[in-house]
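What TrEMBL says about this protein:
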- 1-23: signal peptide (SIGNAL)
- 24-322: domain 'Plant heme peroxidase family profile' (DOMAIN)
- Cys34-Cys111: disulfide bond (DISULFID)
- Arg61: site 'Transition state stabilizer' (SITE)
- His65: active site, proton acceptor (ACT_SITE)
- Asp66, Val69, Gly71, Asp73, Ser75, Glu84: Ca(2+) 1 binding site (BINDING)
- Cys67-Cys72: disulfide bond (DISULFID)
- Cys117-Cys318: disulfide bond (DISULFID)
- Pro159: substrate binding site (BINDING)
- His189: heme b binding site (BINDING)
- Thr190, Asp240, Thr243, Asp248: Ca(2+) 2 binding site (BINDING)
- Cys196-Cys227: disulfide bond (DISULFID)
Amino acid sequence: MASSIVSMISIFLLFAMSGHALASLSPTFYSSTCPNLTGIVRAAVQQVVASQPRMCASLVRLFFHDCHVNGCDASIMLNGSNNEQFAFPNINSLRGYNVIENIKALVEAKCPNTVSCADIIVIVARECVMALNGPTWTVTFGRRDSLTANQTAANVELPPFFFNVSRLIANFQSHGLSVQDLVALSGSHTIGQGQCGNFKSRLYGPSLSSSPDYMNPYYNQSLRSQCPSSGGDSNLSPLDLQTPVVFDNKYYKNLINFSGLFHSDQTLWSGGDWTVAQLVHTYAMDQARFFQDFATGMINMGNLKPLLAPNGQIRKYCGKVN
């Protein structure tokens, strides 16, 4: 009887330990099942950067827009007329879906039915930042892919380009992210481009020096040549005019110079929140500190409400459920 009880306890402990492992993200999750994952993704990202340097900005944004809606579960990848790709912040704006699908196919060829699309999106974001001379960080794995998307949540939860600083803080805090995460992750706008229609009102509307939305007049004038008062809403301008395909801290220097492209950028410096403005100044003066806090923010974002086994699935194709 005693030995039987001991055996039952041992089995229970083994099951509990196994369940705990399934319920946790880990940097070694694929060590035995797909040991070459990082190498496969890194080589693919380097090819993308060589052919389309600004695509990496889109892939980092895709990571944000996936994780900011019900956690990092690759729901952003699901096709269909009522899915997250058609939410207002994403439609005709978010891109890179085909890159994720291509990388997923490369991974499937080496490690079939093993690596989730959610985990691929997360590691692609890191590799993209690294490829553009940005920081690195430890990526944890074990996320599963969702079975559904949530367009309604995407419309509500993704912060638009016209938010002021207080609404941005509230949005990030509602997802368990700090003010530091907000300011550091906004630094991803040191790469990429923005559509004219999302900042045109700043060029031709009131621009008083006392306004939180004040724009440097020289910067304003340079943007008007690319963004006419009528039409051209899909025309693109770099988010960082100085080094648009290098991941650095120029974004924050631009904000101090009142040269943020979107209102949601400039409000970090001139929106009236001292704590936020102080972080902007710190990152503008200290790129190493920005890199450190950005890496922390990316880890925090990647750990939001992970979908773990036995929930979800490992999709074979990221655009549809199995």
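Heads up, the Cβ atoms here are built off N, Cα and C, so glycines get one too.
Structural mapping of features recorded in TrEMBL.
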residue	record	Cβ neighbours (10 Å)
Cys34	disulfide bond	18
His65	active site, proton acceptor	22
Cys67	disulfide bond	28
Val69	Ca(2+) 1 binding site	29
Gly71	Ca(2+) 1 binding site	20
Glu84	Ca(2+) 1 binding site	27
His189	heme b binding site	25
Thr190	Ca(2+) 2 binding site	29
Asp240	Ca(2+) 2 binding site	27
Asp248	Ca(2+) 2 binding site	19
Measure from the CA atom of Asp248 (Ca(2+) 2 binding site) to the CA atom of Asp73 (Ca(2+) 1 binding site) and give the result in Å, rounded to a whole number.
28
Around the Ca(2+) 1 site recorded as Asp66, Val69, Gly71, Asp73, Ser75, Glu84, what other same-chain residues have a C-beta within 8 angstroms of the site's C-beta center?
His65, Cys67, His68, Asn70, Cys72, Ala74, Ile76, Ser146, Ala149, Asn150, Ala154
Using a 10 Å radius around each Cβ and all protein chains in view, which of these disulfide-bonded residues has the most neighbours: Cys117, Cys227?
Cys117
Distance from Cys117 (disulfide bond) back to Val69 (Ca(2+) 1 binding site), taken between C-alpha atoms, in Å:
15
Shell list (Ca(2+) 2; ref centroid = CB of Thr190, Asp240, Thr243, Asp248; cutoff 8 A):
Ile191, Gln242, Pro244, Val246, Phe247, Asn249, Lys250, Tyr251
Between Ser75 (Ca(2+) 1 binding site) and Thr243 (Ca(2+) 2 binding site), how many Å separate their Cα atoms?
32
Just to be sure I understand the packing, how many Cβ atoms besides its own are within 10 Å of the Cβ of Ser75 (Ca(2+) 1 binding site)?
28
May I ask which of the recorded positions Arg61, Cys72, Cys117, Cys196 is closest to the residue listed as 'heme b binding site' if we compare their C-alpha atoms?
Arg61
Give me the CA-CA distance between Cys72 (disulfide bond) and Asp66 (Ca(2+) 1 binding site), in Å, as a whole number.
6
Write down the Cα-Cα distance for Arg61 (site 'Transition state stabilizer') and Thr190 (Ca(2+) 2 binding site), rounded and given in Å.
12
Using the alpha carbons only, what distance in Å do you get between Cys111 (disulfide bond) and Cys117 (disulfide bond) once rounded?
13
